[in-house]
Amino acid sequence: MSRLSKDIDSAFQGVGTKSGLEIWCVYNKQLISIPKSSFGKFHSGNAYLVLRTFLRKIESPQYDIHYWLGIDANEVDSILASDKALDLDAALGCCTVQYREVQGQETEKFLSYFKPCIIPVEGKYSPKTGIAGETYQVTLLRCKGDHVVRVKEVPFLRSSLNHDDVFILDTASKVFLFAGCNSSTQEKAKAMEVVEYIKDNKHDGRCEVATIEDGKFSGDSDAGEFWSFFGGYAPIPKLSSSTTQEQTQTPCAELFWIDTKGNLHPTGTSSLDKDMLEKNKCYMLDCHSEVFVWMGRNTSLTERKTSISSSEEFLRKEGRSTTTSLVLLTEGLENARFRSFFNKWPQTVESSLYNEGREKVAALFKQKGYDVEELPDEEDDPLYTNCRDNLKVWRVDGDDVSLLSIPDQTKLFTGDCYLVQYKYTYKERTEHLLYVWIGCESIQQDRADAITNASAIVGTTKGESVLCHIYQGNEPSRFFPMFQSLVVFKGGLSRRYKVLLAEKEKIGEEYNENKASLFRVVGTSPRNMQAIQVNLVATSLNSSYSYILQYGASAFTWIGKLSSDSDHEVLDRMLYFLDTSCQPIYIREGNETDTFWNLLGGKSEYPKEKEMRKQIEEPHLFTCSCSSDVLKVKEIYNFVQDDLTTEDVFLLDCQSEVYVWIGSNSNIKSKEEALTLGLKFLEMDILEEGLTMRTPVYVVTEGHEPPFFTRFFEWVPEKANMHGNSFERKLASLKGKKTSTKRSSGSQYRSQSKDNASRDLQSRSVSSNGSERGVSPCSSEKLLSLSSAEDMTNSSNSTPVVKKLFSESLLVDPNDGVARQESSSKSDISKQKPRVGINSDLSSLESLAYSYEQLRVDSQKPVTDIDATRREAYLTEKEFEERFGMAKSEFYALPKWKQNKLKISLHLF
């Protein structure tokens, strides 16, 4: 919320209330709001202020302020833009990160807001005419950058051309792209995006496009026409060696504190610690290529403006004012780059009340007459892994890889490593998943052998398998529905593990059915139940879970105070699955008997606070390269599918899991090599978000992206299936050529709602005992023989079951192979109030328009008889744009998780 005072500019009234961009131009010594239609058009004679708002689901909003200074902007406007940036920060509660942007040296984060590029316009901004004295003329543009393109107008002369860059010649009837012979494929592809932008915005899509290859002239009419603009062809001279900048070693960061008069005082130490930063002072951290100004919470607005002016003056005296990035940080909002210069910067973890909030919303819907099972969890994957069809599990024991029988597939041991392969069909597209499951007590040699054997299996599927490296206890939620019911026992069957146990004399720690055992029961439904054996001590208990304590022919069930009703249902079913024939003794937390405590070795303290799951706020995409065993990464801001260039390797950091995407034309040729990159990324923890080496790492190849990867993009399958390099694909797309694909494209997962995704699966049969398994190809003779032997075990019947949408009561009986549907009482409200489908025609909803205040979840006068999961659809087009900052068509083109974030921020979900 804005926090305005009489000293804050009225232009900031109501800012920061919705996600997106807001832009102002300094005009006649005051701020003028720029209309959305002019976003991305910056004039070199002006200074601008740009606010980017991101309303997060759990934490407070994220604000980034950029003040952009044109190369011809006067000093008065530049200083005013800097001061107004601080005023805007104050209006937003002093919780922003501010960046100074100089024309031609903009940060990649700033450029990412205006894809594919910004092309500064000469002259000054005029609110009446837009551009003072603008006339169309032939221009020559130089493009630099392989992932973020920087466009600069250069003199329309042959001498402006060189062999290293890509140039665009924009004429009245044709746009030429000239590619220097030393330019990369990615640079040419990015420049082609600029060509498309120019064609659409300056020529209304009505002009020809031609590409000119440096050094190729004969027989090319387009090349002849291009050179005619320069008075005829002539060789381009090579750049002299003197123009090549030598790489200098980056000096250590130097910290200064800034007094109230603006004087800089060096701290005189190269070893920096957070305790050196005092709340009532401002500091400047000079990192040579970038400078940070840190402002304590107890400093005044005047002190902050003085410190910024002093830092800018420092850069001017150093001759670095146009080449050095300046970032302004308020105490408590330090970014990862700034923190990396300090020793052991303490991590602060914000507590999350997400689950409690969802429970309150569910209760509210229930009061309104809706069945809460109709409300999908936006973070869950569609239930494409709701049965054990085509599941195979191998146990790794040194050089031996043993295929497990069907009954043993659901029994894993903490001292072993396993390969879990699952093949399923989604929208007529076959998907392959191969997990490397690492037991928490497994031997390092077995872990290495597991990865090697997994790579062999992946090789036999021609790279189609998605490889995932997971540790016990850190499995992704989509791992468990493959098993439906899974038990993890302590101990192991590996020869190496048994030798280690014998050496350490820990034989008694293995599972023994004749001795007492404690199992933690986990799962949200009968589709993903787990019983995990834990240490037989009271400290293993946790109030958030339920437990089964087996001892001989008897059993206790312990129900934590913070466990849910679904936990209790899963507990009852796991008792049956564990084959506990006796009548269990139910104990609620706080009512334990002496016998119970004695079996656990006595009463002791255990965790009693609610465990919260980690939410994906905003994924981060990085391009990566590895040279001399050193991993180098660079973040791609505001990423889209087109950023995944086929020549590169990318890392998608989702905090709770990491994806390594391999372009088909990259120099990474094996998934084992890609997995190594992912593990190195975990070790680096670039964003200092608490990544551990146990974080799941997926390896995905281009053209075989699974739905749980593409959900983070506005995904178009046809783009991923095109042939050629990045430049050839862009050119073919621009010229409208029909391109061949690598394989038949799958359905667009992103555009499908979870309702429809699940509904599509209802027509599929659920195998009651894991039958209908496919043959798993393996590269070694041993693995091939295992696949052949498996065919002899697959002779069972399957019972088709029509599963209700979002129902949690499907139970597969492992003994008789019959799927049973537990009856549950449902409200008749659904019959009285038919729900509108997620893909129904928007016009039918718009005909029932309601005001925003009526549609809010917390409305005092709520509207009834609507689809509660699509409240935004009942807004008029005008009010929708006012609230969301975009048209409905743009909104529904966003990934589902982004839609839900916006709806939650506006109290519409």
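Every residue, even glycine, has its Cβ placed from backbone N, Cα and C.
Regional average pLDDT for the repeat 'Gelsolin-like 1' (29-79) in the model is 92. For 29-79, the entry in Swiss-Prot reads repeat 'Gelsolin-like 1', with the evidence type sequence analysis.
According to Swiss-Prot, the feature repeat 'Gelsolin-like 2' maps to 149-189. Non-local neighbours of the repeat 'Gelsolin-like 2' (149-189) in the same chain are 104, 106, 111, 116-120, 122, 136, 138-143, 195, 198-199, 202-203, 207-215, 222, 225-226, 229-231, 234, 236, 238-239, 645, 647-648, 725-727, 729-730; each lies 6+ residues outside the stretch with a CB under 8 Å from one of its CB atoms.
Residue counts for the repeat 'Gelsolin-like 4' (391-448) under DSSP (helix as H, G, I; strand as E, B; rest coil) come to 9 helix, 34 strand, 15 coil. The annotation repeat 'Gelsolin-like 4' is assigned in Swiss-Prot to 391-448 on the grounds of sequence analysis.
For 733-781 (among others), the entry in Swiss-Prot reads region 'Disordered'.
Residues or ranges marked as phosphoserine by Swiss-Prot: Ser780.
Summarising the annotation, Swiss-Prot assigns region 'Disordered' to 816-835 (among others).
The domain 'HP' annotation in Swiss-Prot covers 844-909, and the record cites sequence analysis as its basis. DSSP labels the residues of the domain 'HP' (844-909) in these numbers: 37 helix, 0 strand, 29 coil.
Counted with DSSP, the repeat 'Gelsolin-like 2' (149-189) comes out as 8 helix, 16 strand, 17 coil. With DSSP states grouped into helix (H, G, I), strand (E, B) and coil, the repeat 'Gelsolin-like 1' (29-79) comes out at 8 helix, 21 strand, 22 coil.
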